[in-house]
Amino acid sequence: MRSTGPHPRPGQPIRRWAGAGTVVAVVAGTIALAAASTPRWVVLDLPVGLACAGSAGAVLATRGRRDRVGLLLAATAMMMAASVAAFLLDQAGLGVAGYLGGPFYLVAVGVCAPAAVALFPTGQVSGPLPTASAVVAVLAGGLSAATQPHPALAHAAAVAAGCALLVGGCARFARAPGEDRRALLWLAWGCAAAAVLAFHVGQAAAAVFRSPSVATALLALGLAIPPVCVALARAGSDRVDIRWLIRCTTEWTVSIEVAVAVAGGLLAALEIATDQPPDRAAATVVCVVVAVGFPPLRRRAGAVLDDVLFGGQADAVVALRGLGERLDRRGGPGEWLPVLRASLALPFLELRSQGERVAVAGTPSATTVAVPLVAREDRVGELVVGLPPQVAVLPPATSTVLRLVATPLAQALRAEHLAEALQISRGQLVGALEEERRRLRRDLHDGLGPVLTGIAYSADAARNLLPSDGPQRTASERARDLLAQLRADAAGAISEVRRIAYDLRPPALDELGLVAAIRQRAGRLATPDGRRVTATIDAPAALPALSAAVEVAAYRIAVEAIANAARHSGSAEVRLTLQVGASTLRIIVRDAGTTSHPWTPGVGIQSMRERAEQLGGTLAATPSADGGQVQAALPLGSRPGEDEEPGADQRTGAEKGSGADEGHDLVAEQA
């Protein structure tokens, strides 16, 4: 990943690491000289000083030499090394140096260390409460270091400093952004681990092994943990998810504590019941019982921690069952993601395919992880997972569930793509069919129709030329009968051509246009009791050019919906609304009838729905107390100019209505 920040000057990283190494070397060498010394505080200074020196070196090398937290850690390490050096000089007989060890230790433990914690992680204090807490922590820390000869006062001052730092840390955590919160969690985990290891585990180990040196060693090791956590938080906190680390350590700590407490309680109960210490067999039985109950106890503790830290643990069974239910209901991608997000306890999920957003659930996060969706070695998309604000990487349980869910989700997305492609192909096929029907109707209307009309006219003319009396009357009568039969056959052929042309495409669409054709057809409808249907049509003043398939489907759906309202609603008033959107034509038919019973889909509703679905549209028919409503949405698709062949007939409806149809009507009247 390319950095967008300022680039360091040549040689700057080398100087940083060289300076950091010098600090570590000086502190390590000084404290190593005192390794054989007996005072307890010297033993404590060994790991703490090395940890502070190493942490300061890492922070200064990565964050720059002006980082305040790194400088304070370096000062702490140097002051500890100076106090140890003063002790060594005092042991060598230079008494004046012995007086310097106390001030150095006071500055290290009482000033530098609390100040580093108070300024962590930004290097500055903002707000009245954090500022006051920092001042109290420094004063109490200095008092604790200065009153070492008086343990009670020193311990009380140390507790006060710790409480002040805790209050200040909580105040900073509540107002800190995501990155600073992660850093504060590192510090909190380090302090908690130090307290547990130094005091709880150390005291327990000292009691078991009956050796104070064990407690001292664990105390020294525990005090070295917070500086290391500070360095990790400042130099590389993104490499390990601190919340996952808190979850694992807390889970094991709580489980072990409970197991030890249960084992101790059972052994104590046996001793009270038998008035003698349990023998080896009883202790073995207790250990077996505790070992059997330990795994479920740890799982329960992990589940509780998941609820607190991550909002619940990702459950593969729940996720797969929820996804399967949505797939069984034939829901779209918009219904898949909310179920997955709830079962995975994630703030954000986004489904992308071919570089476009398909569906989204939740609120976008600053940190995201993309999970590829592969079906049959073909990458069909990806699932973008948004992480919580304080999480840098996905928890292992969530990663496992995502790998399991990715396969069925990829298959479902691939099936969705195939269904969409099939629907597009179906719409294109229907559109091509309607265009072909329009061409056939035009050919019948303008080609075969005039020919048949001419035959009928010719038969009439020939019949008119035959003599009606004279010696050739008998032959003329026979010829007249044959011509009459020919004329009748021609008229029947013209009627059949007109029927076929109407079935291919209603001629009123070409003669009058969509709105006028619907109005003409609606004016011929009547209710069962004989009342004429009054249809009010709300449509744009000028409809855009529609493809043949859309125009025919809109006409058929509108006429069928008005006819259904006339037959079943009990009302003669119908309102038709045509709405033209960017890519959709909406047809809304409302009647004034009332019904309290749900509609039973019949042939009419089924045929309307099929016409809409053939073009990739939808249709909904619902009754209500205010009247029934049929609403259809048809995608506009390609316009007729895109499907017409060059040289196709582009005359208006009025022009198409004149001409051959007049001949057809004349022949029909003469017949």
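Even glycines carry a Cβ here, placed using N, Cα and C.
In TrEMBL this protein carries:
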type     : residues : note
TRANSMEM : 17-35    : transmembrane segment
TRANSMEM : 41-62    : transmembrane segment
TRANSMEM : 69-89    : transmembrane segment
TRANSMEM : 101-120  : transmembrane segment
TRANSMEM : 127-146  : transmembrane segment
TRANSMEM : 152-171  : transmembrane segment
TRANSMEM : 183-202  : transmembrane segment
TRANSMEM : 214-233  : transmembrane segment
TRANSMEM : 254-274  : transmembrane segment
REGION   : 620-671  : region 'Disordered'
COMPBIAS : 652-671  : compositional bias 'Basic and acidic residues'
For the transmembrane segment (152-171), the distant same-chain contacts (Cβ-Cβ under 8 Å, at least six residues beyond its ends) come to 114, 117-118, 125, 127, 129-130, 132-134, 136-138, 140-141, 143-145, 184, 187-188
Considering pairs 6 or more residues apart, do the transmembrane segment (127-146) and the transmembrane segment (183-202) have at least three CB pairs under 8 Å? no
Inquiry  = Tell me whether the transmembrane segment (69-89) sits in contact with the transmembrane segment (254-274), defined here as at least 3 Cβ pairs under 8 Å among residues 6 or more apart in sequence.
reply    = no
